[in-house]
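Now, the feature entries from TrEMBL:
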SIGNAL    1-19  signal peptide
DOMAIN    115-343  domain 'Nidogen G2 beta-barrel'
DOMAIN    345-386  domain 'EGF-like'
DOMAIN    387-429  domain 'EGF-like'
DOMAIN    474-512  domain 'EGF-like'
DOMAIN    521-600  domain 'Thyroglobulin type-1'
DISULFID  Cys559-Cys566  disulfide bond
DOMAIN    614-665  domain 'Thyroglobulin type-1'
DISULFID  Cys635-Cys642  disulfide bond
REPEAT    735-778  repeat 'LDL-receptor class B'
REPEAT    779-821  repeat 'LDL-receptor class B'
REPEAT    822-866  repeat 'LDL-receptor class B'
Amino acid sequence: MKNCWVFALLFTNVCFMNAIQKDNFFPFGLSEGDSVLQDGDDEVSEALKIKKPLQLYDVQFNILYVSTNGFLSLQPPPGESQYLRNMFPLSFSAIAPFLTNISSGRGKGSVFYRISQPLSGKLSGLVSVGDIKVQLKDVDIHGFAVVGEGRVYISISPVPAQAGWALMAVSPLISTFGWLFALELQGHLNGFSISGAEFSNQAELVFSPQGQRVTIIQEAQGMDSFNHLNFDIRINGDLPSIPNGAKVHILPFKETYQYNQSVVTSSSLREYMVVSENGGSETFSNMLHQNVSFRSCEHSPWTIPDFQQVNVEHLMVMFTEGTTLRYAITNKVGPVGGELPGLVELNPCSTGKHHCDPMALCLPGDGTQYHCQCAMGFHGDGRNCYGTNECAEGLSSCGLHSECVNMPGGHHCNCQSGYEFDLDLHVCVGKLNCAHDFANRGNELVNCVHNLFIFSCMSCLYFTGGPLFSSFTDIDECFLQLCHPFASCFNTQGSFHCQCWPAYKGDGFLCQPPQKPKPPLTVCQQHRESLQKSLSIYPSLEAFIPQCDEKGQYKSLQCLGTTGHCWCVDSRGQERVGTRTMPGTAHANSALLPRVETVCERWRLSLMTHYNGQPSSQDYMPLCDAHGNFLPVQCYGNSSFCWCVDHQGVEILGTRSNDDVKPPCISGDAALLNNALMYPVISSSPSGPAILYTQASQIGVIPLDETDPVQEKSTVLLALKDSIVIGIDYDCQENMLYWTDFGRHTIYRVLLEFGSEPEAIISQGLVQPEGIAVDTVHRKLFWVDSGKDRIETSDLDGRNRKVLIDSDLVNPRAIVVDAKSGTLYWTDWNRDAPKIESSSLEGHKRKVLVQMGLMLPNALAIDFDTNHLCWADAGKKKLECISPDGTERHVFQDALNYPFSLAIYDSHFYYTDWERDGIMVIDQSTGENTAYLPIQQSHLYGIIVIPSQCL
């Protein structure tokens, strides 16, 4: 059914063997807004008109009845004697999950029901759990939110068992709704108050330690005519496996949301514990990045704080095999830095794990203390509540000519026949019958006086045939206080009117206070408002919007968010010459703006709290750099057990090691070098043989005097921005330089002539491009992608791209090509099985050339003078060579530092060294080593030598 309707029927205090526990139900009872059946043996509710028709087989039903005997009837049910002892099918239409003879009241329990479901939607997508793919198609989602307490409940069914257990770890399925309906602390707003009921959330969830990823798209389509929030969720990707029967405990966490005019972004690290059926437990984590987009009102003032923090105090998830996945979450939204309860036990009133009677309110005390108070109309100690019969005990408020009717939790009054309620709705008075009055008196005219706010004919005006005689009795409506509190009431004969106080505007029933005149906008505010209006018309523009202080004046420090540049301004907002600074650096005259904690810093702080401030030497603590980014190498405490991570802190598979040599991890963040340009061009071109090397966001050049580097003539050939240049190679025929950009996920080339600009030739489908090789004979380009674990090729202009090898690769790095023999060579520094392989240029005839005696084969080069393949191993600290047929392997040097890339020219080895952050030169004939260190100290990556005959 496209429109689903859910009806909850809850029976409590009914004893069964192995009965369902109360904790397994969603909260219910009078405190949750439920209705309750009158106590008795064969009680039936009044006709409940459901807002969406219930479709059963080919018949639609619009009315339901709830019975104490465990069923829902689709028509007025007969007495229990006509069906309890009869065989099925019943003589009337019913849904009978618990059909039996049940009596309620007198301590036996009560029957609660509700018909509202404010959240409903569908879940679709394709997920993989190990080797099993599971298709989810229009799975029903239902739930509700207790907005005043920041609680949300979601159920998803039916969910296949293959996916149900794994989906327990996918907390964004509910946490988005937790943010949407979070309890608002003073001065802060939840998601619904900001985005409303129409938004789109795109999220990516990355699991550690195996790196599985799923994307989640949640589309909220607004409120329907019944005030229900409708939404669709699509999920695609890989999920880690969770054993059948296991339980998942998601630990409390806090999440910082950044707000803009139409986009909300957040990132968070979430930890969860998997407890197997045999009691074993293991803790995992996942990283969430999400963007919520919505349509904001461009004419309303933007008063939302730039940052808010959502504290997730309780998140429960459970899966019943083959049926239902259930989530429950409790959230608060407040200022960044607010304390999170952490692992402290929550009050039972918040978790629902209290022992109060369903007819009682749970009132929290200090810590985990609470007490129960029976709801009005009930008496008892709170743990057991019994209905009070106000009618029998003389406690009713019914007056003369009325009858008292007892109800669960209270009573109501009915007027006797011939009487109706007076204006106070408590006193029953005789009905006025103007027509009867007219007939008795023989009048020619009867006029009933009606009032918009009074429900009945109040009195009769009639003529007796002589002078006008009126029996009109005026009622002072002002006594009823129908006017607005800011209005005066004036009583008149048969009516009244309201008038707002002076300076207040309205019709007397609604009066608006006088508005204070808004002060005129300052120059800064006018400047800011003008730019914001322009951006609303042209949203693709990236313009600077000035910041104003609380008095509307220009803030002395202004920054451009898209680039991170900052500068000082005068009182007119004009930039002070010489004050502009690079991203992340402090200005001499202005304090650096506060920076929000990064994921790495928040994770580190969370674990520090978990270890009570005293982690042991073996405990894992995230390693962050000065800017809060994850360092590329992470280790357990002071141990040698280390691995590589990406910029999100997710482990890169195949990089774990447990020896003294740390893995050669590449940083995912570009270093800030002094020469980075917005529009890079070749600043100079070498005129003779030279070394070209890559260093973070630049390519450097060192001229050669025969074979010796001339360090004093070294310079920057090309300065880039936000780049991490790794692999590099050169095409002698066209004087063209090629390189891989790890930071921009792109492959570039540039003509080595003064003023030439780089050209992107491969900009799609790259994750971590590293080594690159140019085939100058066949005019082909080859490269490795360690993120996708594949080797690809294309023409030199990027066309005719295809994948050569995408299997049995873990950490491919260096690649070289022997164009004459048509052979491709590459290294794979997989810590479990490092190797050097070869294949044809078409990817055929693949074979392992070297496998024994390797640890970290980073660097690779061909010595065309000797027709040998040579490599440098950062783990073994050796430089070795071998013939293409796998023979003649020999060690050339065994005391290297930490080589990364290798080049060979005129009987000399040149390699970049991560330990010295420089270039090392080895003379093949003497074995002599020479070091050349660039002025700027940071890791060097690729290296090549351009021979003189190419220039």
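Backbone N, Cα and C define each Cβ position, glycine as well.
Here the repeat 'LDL-receptor class B' (779-821) has, by DSSP, the following mix of helix, strand and coil residues: 0 helix, 23 strand, 20 coil.
Taking CA atoms as the reference points, Cys559 (disulfide bond) and Cys642 (disulfide bond) are 38 Å apart. On the 0 to 100 pLDDT scale, the domain 'Nidogen G2 beta-barrel' (115-343) averages 81 in this prediction.
Residues 666, 668-670, 679-686, 692, 694, 697, 699, 718, 720, 722-729, 784-788, 794, 796-798, 801, 812-817, 819-820, 822, 824, 826-827, 841, 860, 942, 950-951 of the same chain sit 6 or more residues outside the repeat 'LDL-receptor class B' (735-778) yet have a Cβ under 8 Å from a Cβ within it. Put simply, Cys635 (disulfide bond) is 35 Å from Cys566 (disulfide bond) when counted between their Cα atoms. Under DSSP, residues within the repeat 'LDL-receptor class B' (822-866) fall into helix, strand and coil as 0 helix, 23 strand, 22 coil.
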